[in-house]
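To start, the structure itself, in structure tokens.
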Amino acid sequence: MSDSSDSEGQAPHVERKIPNILVTGTPGTGKTTTSEMIAEATGLTHVNVGDLVKQKQLHEGYLEEFDTHILDEDKLIDELEEVMEGGGKIVDFHSCGIFPERWFDLVLVLRAETNVLYPRMEKRNYNQRKITENIECEIMQVVLDEARESYAEEIVIELPSNDINDMESNVDRVRQWVDIYKANHS
Ligand code: DAT
């Protein structure tokens, strides 16, 4: 990864001994489950941003129509800034362009086929509107495009997450990547 500062005046990338990883993707693609497994395999700490937003009230209220909280981005970034500084975090969130680029050493975008994603969302009792929006978002690869626009090309990795074999292979790849990262930054 380059060590140059970006055009938005952010601090230059700091080399961390232990990496920070962003796990993103449409709801239901397996971010939370995969992040927990990566945490267990690597010893890194899982930060579930959705839960944090609710716990610490980092939102400006609830939007009934869309069955979602309105994120207070500034509050969220302030809350996470110190947490991210030490490295070793796996941040799990369905959106990725709001975070400073300098926070992450690897960005994983989980992808799932419509036929597996749909029942996962139905199981969560999402309303029809929310299911349709999320399915469209996945088909149009909205999160992948957002990740590619927000982070350096070489750190954004698209990973299939259709079944348990995909998940295990993804976790294993990340575990190996973390081992190499640590060896190169010790
Ligand atoms: P997310 O955090 O992206 O919303 P999740 O980890 O909560 O997704 O997963 C939603 C549900 O789908 C959960 O019951 C686990 C299941 N699931 C996700 N990815 C999977 C995969 N690759 N193989 C099998 N089940 C998966």
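The first residue you see is number 1, and the count goes up from there.
Just so you know, glycine gets a Cβ as well, placed from its N, Cα and C.
Model, not experiment: these values are computed from the prediction.
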Have a look through R16, R102, R124 and flag the one TrEMBL assigns to the ATP site that G28, G30, K31, T32, T33 belong to.
R124
At a C-beta cut-off of under 8 Å, are there same-chain residues at least 6 beyond the region 'NMPbind' (48-71) that contact it? List them, or none.
32, 35, 79-80, 91-94, 98, 126-127, 129-130, 133
Residues with Cβ closer than 8 Å to the Cβ of G28 (ATP binding site), same chain and 6+ apart in sequence?
A112, L117, R120, M121, R124, N134
Could you list, ordered by sequence, which of these binding-site residues: G30, T32, T33, R124, have a Cβ under 6 Å from ligand 1?
G30, T32, T33
